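A short write-up of the structure that comes next.
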Amino acid sequence: MIEIFIEDLNQKFTFNEGITLKDILKNLNGKFKDVVGGKLNGEIIDIHTPINQSGNLKFLKKEDKESLEILRHSLAHIMAQALKEIYGDENVHLGIGPTTEHGFYYDVEIEGKSLTDEDLPQIEEKMKEIIKKGYQIERFELPREEAIKFFENKKEIYKIDIIKHNIPEGEPISLYKQGDFVDLCRGPHLPSTDKAGAFKLISVSGAYWRGKETNPMLQRIYGVAFWSEKELKDYLNMLEEAKKRDHRKIGKDLELFLIDEEIGGGLAIWLPKGAIIRKEIEDAWKKEHLKRGYQLVYTPHVGKEQLWQTSGHLSFYQENMYPRMQIEEEGYYVKPMNCPFHVEIYKSKQRSYKEFPIRLAELGTVYRYERSGALHGLMRVRGFTQDDAHIICREDQVEDEIREVLNLALNTLKSYGFDEFEVYLSTKPEKYVGDDKMWEVAENSLRKAIESTGLDYKIDDGGGAFYGPKIDVKIKDAIGRLWQCSTIQFDFNLPERFDMYYIGEDNQKHRPYMIHRAIFGSIERFIGVLLEHYAGFLPVWLSPVQVKIIPIADKHLEYAETVKQKLLENDIRVELDDRNERMNKKIRDAELQKIPFMLVVGDKEAETGTVAVREKGKQGSQTLSIDEFVSKIKEIISNKHVL
């Protein structure tokens, strides 16, 4: 027997082991007809899943965000069924069909058919037919050999591969059936196909089986799904807006960065204008960190093999590292992280308790292997710069340090115009290193730091890394998307591996606390987010060109040059458009280049020593003296105002 506490009823029940949510709902005499699934001990289940353990059960309805997982998983199966009905069961071979943040996809092989976006409406119509038929969705289990035989008969080679390599011997093999369609799956799924909500298929792309280039290329069909048509419409409108804000297009149009296949995928080159943005961000970062007591360091891009063995990267992270280099009979690796170097800086001399806290900070370039299909502009790259820092401190300093770091992170992100955050606290997993007391101190300090900000936060219970708990901060952009930025992470692993210690007041050795933290996460990615958040119209202090001077005619060039020199003397980034073009075209081109200020100069301005100021987001122009304009723009730059 098992005991289940049903949160919706605030009551505990005793059931036979193996009972399903469907059975439980029947026992409640139809009181909860709108339930689409449940959450048992934090794990999403459907109405068909056998319950074999005691715990807390929460019913999931459409208004619960977690219920979308059930909807989207079911729609992946409905799409797979539609493909088989359109192109023939024997011609369609299914790979995997998981959910995504906003929908689902399925990887398939279709003999004799290469899908394009033009095929999607036909697939959608077939899916709607399946939904309308209201097939009951049923779960059943097969013994391992029977399951393999079943899929061999259907020529489902990828399902057989999953059974043989992903499902351990002795573990139940579950399948789901709707109509004549059967798929290997753990769930969760809806009670029937007619419970499905609003959806849209959005794209087709290639995807290697298991993500390996040596495996067959499958076709991946993406869809998005929500419970209501309004939610779907709002999301599709957001996607259209996101296309206009694509940082890859903005970067090309504004000549900010370059990713050249001759150099290598995922390796960004900063062009002069993009380099200005990056330098401004890095300079502000360094200034703020020095003000807060950090010590700036620089470390090499490569390290000896032994370093990565000691750190554990070669045991746990090697698949994300680039291959070993042989130099003078010794192995070297380009660094995927800066941490071991900072540890060695700490260990370069004996440390006393009086020195703490030690805060080491670096804008360190790291290299991590990403599959070519995962690369995406500046958002997913192979070489990037982390705004990395490691704080090494005593136990009595932990709480203050965490509070200070979180304060730094939030204030920094706010200074770039972000004011909506989602904060997550990830706690101790089942398997972990370090002692329980250190975990307790760390988790309490993280929790108190978040609560001191007044922000709501979500707890990912057991979601911490094996080496320490952490805080993650996500920012919401102008069109409502969330982006992972700041991480504050305890590490109980590296201090042990590298035998880090300090001499305490008792003249004995003690193990320090070590905190990893990054504010942006990646400079490249953060700039990509900024470009999309502002649609290229960056705050004036970040704009590569802050002012464009537009002379009305050639006779005004001499005065325009005088204005330019005055601005340059005041460290204002300015360009003079001396092309033989009409003024309206020059203005339009400056707008397309997202330049925040235009100064139009003609006879009147030359005679009076003024400029006609056209400011982004404002109608018409304002006449100011050169000094007045310089004073105005310098104040905007200094205060980091957003126009």
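Numbering starts at 1 and runs along the chain as displayed.
Yeah, the Cβs are placed from backbone N, Cα and C, and that goes for glycine too.
Zn(2+) is bound by Cys339, His516 in Swiss-Prot, and the record lists one more residue there from His247, His390, His641, which is His390. Every protein chain considered, the tally of other Cβ atoms within 10 Å of the Cβ of His390 (Zn(2+) binding site) stands at 25. Excluding Cys339, His390, His516 themselves, the residues of that chain whose CB lies within 8 A of the CB mean position for the Zn(2+) site are, in sequence, Met337, Asn338, His342, Val343, Asp388, Ala389, Gln489, Asp491, Leu494, Met514, Ile515, Arg517. Over all protein chains present, the Cβ of His516 (Zn(2+) binding site) has 23 other Cβ atoms lying within 10 Å.
DSSP labels the residues of the domain 'TGS' (1-61) in these numbers: 7 helix, 27 strand, 27 coil.
A 10 Å cutoff on Cβ-Cβ distances gives Cys339 (Zn(2+) binding site) a total of 23 other Cβ atoms nearby, all chains included.
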